[in-house]
Amino acid sequence: MNSKIFAVLFLLAFLSCVLSDQYCPKSSITACKKMNIRNDCCKDDDCTGGSWCCATPCGNFCKYPTDRPGGKRAAGGKSCKTSYVY
């Protein structure tokens, strides 16, 4: 009986981890000088290891997703270039 309860609880915990929403992390930076803005990525395919291309005030950077909302995924597009923006 106890093993069945444990199995059910384990399965519920596992599913909540797998099915939870993922977001770009919220940036701790609120502003950036124009000469410091750069894009390390323009889309998720530019990132490696399961990280996402996330927008920050200082440009786009590869970040690992988190379960806390607040960040913003990079829009990409044809005008996006990976380099300094100025």
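Using N, Cα and C of the backbone, Cβ positions are placed for all residues, glycine too.
Checking the candidates CYS17, CYS24, CYS32 against Swiss-Prot, the cysteine paired with CYS58 through a disulfide bond is CYS32. Recorded disulfide link (Swiss-Prot): CYS62 to CYS47, out of the candidates CYS47, CYS80. Bond annotation: of CYS24, CYS80, only CYS24 is listed by Swiss-Prot as forming a disulfide with CYS54. The record in Swiss-Prot lists a disulphide bond between CYS53 and one of CYS41, CYS80, namely CYS41. Of the listed disulfide-bonded residues CYS32, CYS41, CYS47, CYS53, CYS54, the Cβ environment within 10 Å is emptiest of other Cβ atoms at CYS32. Of the recorded residues, CYS62 (disulfide bond) and CYS32 (disulfide bond) place their C-alpha atoms 17 Å from one another. Checking Cα-Cα distances from CYS24 (disulfide bond) against the disulfide-bonded residues (CYS41, CYS47, CYS53) with a 10 Å cut-off leaves CYS53, in sequence order. For CYS42 (disulfide bond), the nearest of the disulfide-bonded residues CYS32, CYS54, CYS58 in terms of C-alpha separation is CYS54. The average pLDDT computed over the domain 'WAP' (21-66) stands at 93.
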